[in-house]
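Colleague: One structure follows; several queries about it will come next.
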Amino acid sequence: MKKIRIGQGFDIHPLVVGRDLIIGGVTIPYEKGLLGHSDADVLLHALCDALLGAAALGDIGRHFSDTDARYQGIDSRKLVREVHRLLTEAGYRVVNIDATIIAQVPKMAPHIPGMVTNIAQDLTLPAGDINIKAKTAEKLGVVGRGEGIVAEVVCLIADGDEV
């Protein structure tokens, strides 16, 4: 019997002056960037957690500790490719990705096509199997005040070649 598994991932990082804003592997022009040990790409971190969780392989912190100097400033696309390798090694393939970025500022919509392209390349997945939505927090809370950005990702994985 074919195994089909669902994963869910979440990440949040604060916005600070002096960092590049990188989401989905796309550098977005803005006066602030996300603070973190790596490049702080909230979307790709949530994606890694969703994929690892679906395969019962732990979470991003287990595989890429924020106390490990090897991951200081690392491009999170490298982490996604490594997670993809782990899933493949475990006998799984990614079926689809559905993601939501929650940011009051800056606007994400113009950058979504590039994010989809990057994720499709890193997971060797057709772009049509990846959906990314952008929402605001309606000026509520930390995100609504422009102090941080959140990403949530749901994924479906399956063993073998067909669902």
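Glycine too: its Cβ is placed from the backbone N, Cα and C atoms.
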Colleague: For the divalent metal cation site, Swiss-Prot lists Asp11, His13; sort out which one of His37, His45 goes with them.
Modeller: His45
Colleague: I'm trying to understand the geometry here, so how far is the Cα atom of Ile60 (4-CDP-2-C-methyl-D-erythritol 2-phosphate binding site) from the Cα atom of Thr136 (site 'Transition state stabilizer'), in Å to the nearest whole number?
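Modeller: Here the two Cα atoms are 25 Å apart.
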